[in-house]
Amino acid sequence: STMSAKTSSGGEEEASGMRNETLGEAKRRQVIRVAYVIAALDLTLLFMQFGVMPYLAKSLGLDSVGFGYLQTIFGVLQLVGGYIFGRFADQFGARAALILSCASGSIFFLLMSLSTSIPLLFLSRLPGVFMHGMPGAQKVITDVTTPSQRAGALGKLGLCFGVGIIAGSAMGGVLSTKFGIYVPTYVGLVGSLINTLIAMVWIPSQTKPKSDHHIKEHSDLFSIREILRLMKFPGVKEVFIVKVFAGLPIGLFMIMFSIISMDFFGLEAVQSGYLMSYFGVLQMVVQGLVVGKLTNHCTEMTLLRLSVFVFAGVGLGMALMRTVWHYCIIAVPLVFAFSMLATITDSLLTKAVPSSDTGAMLGICASVQPLTRTVGPTIGGVLYKQFGVSSFGYLQLMVNLGLFVYLLKSKIPLGEMKSQ
């Protein structure tokens, strides 16, 4: 089954023509769909556990400081694991990586369901080091799409994220209140096992095109030299800097959000949950409808500049906001900029490195968020205590104005090509 060869830029596209030899068009579509299912289920279970975790920790007698440590440990594990996971995916294939992720998830929920004491609860975080369903799914999609289809296909993964937030938050709340605090962990265990099976049965062991199999000799899975080597490819460093810093101040705000929504907005837990669901719905609408449409019409550099510019505006709005309604309005451009930035930077970065390195690159990308989660509580806490909520907004404004100028000045040598 041959794919109608799209006339398009660069030799990478031609290499991607090989992809049909490995996987037919219909099979490819099916693999992408399966990747979406795995990601959606994985994220639903993850958000379900995020929702239940504070209550479980409290019931075991862990105070807020201890809970902070618990979050930080999970963040650090995910941070270290993200890159190792990406390298693992490059060396052993996306299928092996997804199976590893889902199996780790199963062990994670098993240990969590047995957590009757605080040390056990901390122990249950350990498998988190290999729980990377999202990067795993991104890797599958990167392997089976041509560069021109990539931004669109990766963008749709954001839908899975929205589904995960909404379904997961709701399920966690309902299951734990109706049936008991440990029930979500049993559901998580069963769900992860099902996910492992799906990955084993429906993801082919060979997702990369044949032409890409000049795999490097099995070097160690974690090396700083490797990371630095990837950063040397043209355009990678610049795009990565934007990826890390553009959303950082808002990331800090999000980490502090549970406290801010209580203190600053005066919300109860239930209302806070509704607000999260509203975010999930927004994310789905934006990722599903807006991002894909725009990637077809504009060059990726234009969209990158646009999202940074919108982010600066969001910063100004946040500095001036006073009520939760203001926040609901600001949330629209906020989610737009977040989704656009994430999709475009992932897409640009995977195109900027050779296809044998896409897993490692996606692994590094995936570690941006845990990095925020690791340092965030400390910096966010100081900002909030010393300068109040508006400080997040002003910081966001300044950082993004700086990045906007940086983007206009720097000639990022990435083929100015439409994604389609």
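Any Cβ shown, glycine's included, is placed from N, Cα and C.
Just so it is clear, the model here is predicted, and its values are computed rather than measured.
As stated in TrEMBL, the feature region 'Disordered' covers range 1-20 out of the listed 1-20, 201-220. In summary, the transmembrane segment (387-408) does not lie against the transmembrane segment (272-290): fewer than three C-beta pairs, each 6 or more positions apart in sequence, are under 8 Å. In this chain, the transmembrane segment (98-122) lies apart from the transmembrane segment (327-345): fewer than three C-beta pairs between them fall below 8 angstroms, excluding pairs fewer than 6 positions apart. Count of Cβ pairs under 8 Å against the transmembrane segment (181-203): among 34-56, 240-260, 272-290, the largest is for 34-56.
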